[in-house]
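Swiss-Prot has this to say about the protein:
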- Lys22, Ser23, Arg27, Ser170, Ser171, Gln172, Ser198, Asp314, Asn337, Lys341: 3-phosphoshikimate binding site (BINDING)
- Lys22, Gly96, Arg124, Gln172, Arg345, Arg387, Lys412: phosphoenolpyruvate binding site (BINDING)
- Asp314: active site, proton acceptor (ACT_SITE)
Amino acid sequence: MKQLRLEPVVQVRGEINIPGSKSISNRALLLATLAQGKTTLTNLLDSDDIRHMLASLKQLGVNYRLSQDNTVCELDGLGGVISSESAQELFLGNAGTAMRPLCAALTLGQGEFTLTGEPRMEERPIGDLVDALRQLGANVVYLKNDGFPPLTINATGLNGGDVEIAGDLSSQFLTALLMVAPLAKGSVNIHVKGELVSKPYIDITLALMAQFGVTVINHDYARFEIVAGQRYVSPGKVLVEGDASSASYFLAAGAIKGGEVKVTGVGRLSIQGDVKFADVLEKMGADIEWGDDYIIARGSQLTAVDLDMNHIPDAAMTIATAALFAKGTTVIRNIYNWRIKETDRLAAMATELRKVGAEVEEGNDYIKITPPAVINTAEIDTYNDHRMAMCFSMLAFADCGITINDPDCTSKTFPDYFKQFASLQG
């Protein structure tokens with residue numbers, strides 16, 4: 001197993017241009033596919049999850065051209081649904097942002113489509129989405145365990161009508177349903193059951209759908225109305241914002257050991273909810289400065305917070321490791337959906353924080369972290385989860401440094417993360 005030793009860092013300073021957002025990249029690729037016309041996507045994220053989406057689209061007959069560095073994609077839209085005369089089997093790795101939307105999109109056309117992935121993908125639920133698609137006439141068959149991939153779609157199109165979908169586990173199910181609703185055979189009324197988690201990710205979806213010419217009537221996130229007869233039309237060019245979750249590590253670095261760290265590609269005009277991570281750092285005592293497309297973090301003594309972070313679940317992980325440098329006990333609440341991500345992030349985070357000496361209480365949907373008087377060095381297991389590796393890079397700011405096991409798992413969203421992280425030191 002590969003290991004990366006991060007020696008103690010005294011101070012950080014510098015500027016980082018954040019790579020494209022995973023959430024926006026895969027949504028935009030699918031909408032561009034369904035749209036009429038040619039779309040040029042710039043600042044596309046070059047990572048495993050996006051490669052799985054691109055490979056699947058190519059297999060389904062979508063034509064696109066990538067720049068040499070894979071960050072510009074010119075894609076020829078199908079001007080409608082995806083169909084295939086021959087049976088197709090698509091491997092989607094552990095990419096939830098490809099599995100869920102493609103599962104929904106492939107019900108719209110004609111053909112037989114089987115979706116598979118890595119072993120962890122077979123533990124990541126998709127039942128709430130499939131239940132909703134079945135209400136609209138979709139034929140979806142589970143191949144192993146009910147409610148989980150792999151699965152086969154026997155597509156004949158999607159009917160309109162009223163549909164209920166659970167909102168309390170993952171916003172990706174609602175996102176997938178919203179994106180395909182305009183291409184159903186009639187108007188679609190989506191009723192959300194339970195409290196909707198990660199609302200800002202739904203805002204990303206609605207903003208991108210609007211960019212491609214589709215109107216959704218949002219009734220306070222409890223009901224969504226999509227009138228029949230709409231179609232996606234390419235806006236020509238789509239700029240993919242920097243990934244706000246990825247920005248969180250560099251902003252936390254500035255808050256803990258600044259110096260001054262500036263991240264570009266996200267700012268006050270961002271459509272991503274995870275930029276609100278900077279507000280949490282500010283509550284902890286960091287000095288934060290906002291621009292339209294940048295955020296600056298400067299360091300100071302941090303103090304603990306007790307907050308509901310359901311709206312920023314990915315970025316909230318960074319608060320868990322930043323808490324080791326804060327005075328007092330930090331509590332991160334309403335984060336049950338950490339448990340169904342790339343790994344069970346609540347259990348993994350608690351285990352690894354204890355390794356470095358923290359006192360941790362792991363609840364069903366919360367975590368309490370009290371930092372130790374002295375942080376211990378340790379070998380951090382990353383569970384093939386990119387965010388675990390990046391979060392625990394913050395331990396380089398302890399006097400003892402840290403060792404990260406399997407650091408290359410960051411390739412899921414940020415292949416050169418540790419190179420960028422090293423550029424801030426000094």
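Any Cβ shown, glycine's included, is placed from N, Cα and C.
Since this is a predicted model, take the numbers as computed values, not measurements.
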What count of other C-beta atoms do you get within 10 angstroms of the C-beta of Asp314 (active site, proton acceptor), across all chains shown?
27
Quick one: which of these binding-site residues, Gly96, Gln172, Arg387, have their CA within 10 A of Ser198 (3-phosphoshikimate binding site)?
Gln172
Fewest neighbouring Cβ atoms within 10 Å: which of the binding-site residues Ser171, Gln172, Ser198, Asn337?
Asn337
Rounded distance in angstrom between the Cα atoms of the residue listed as 'active site, proton acceptor' and Arg387 (phosphoenolpyruvate binding site):
8
Measure from the Cβ of Arg124 (phosphoenolpyruvate binding site) and count the other Cβ atoms within 10 Å, all protein chains considered.
19
List the Cα distance (Å, whole number) between Arg124 (phosphoenolpyruvate binding site) and Asn337 (3-phosphoshikimate binding site).
11
Sorted by position, what residues of the same chain at least six away from Lys22 (3-phosphoshikimate binding site) have a C-beta under 8 A from it?
Leu45, Ser47, Asp49, Ile50, Thr97, Asp243, Ser245, Thr413
At its widest, how many Å does the recorded 3-phosphoshikimate site span between Cα atoms of Lys22, Ser23, Arg27, Ser170, Ser171, Gln172, Ser198, Asp314, Asn337, Lys341?
20
Going by Cα-Cα distance, pick out whichever of the binding-site residues Arg27, Ser171, Asn337 is nearest to Lys412 (phosphoenolpyruvate binding site).
Arg27
Once the chains shown are all counted, how many other Cβ atoms turn up within 10 Å of the Cβ of Arg387 (phosphoenolpyruvate binding site)?
29
Which residues in the same chain, at least 6 apart in sequence, have a Cβ under 8 Å from the Cβ of Arg27 (3-phosphoshikimate binding site)?
Thr97, Pro101, Thr175, Met179, Ile204, Thr205, Leu208
Which state, by DSSP, holds Arg124 (phosphoenolpyruvate binding site): helix, strand or coil?
coil
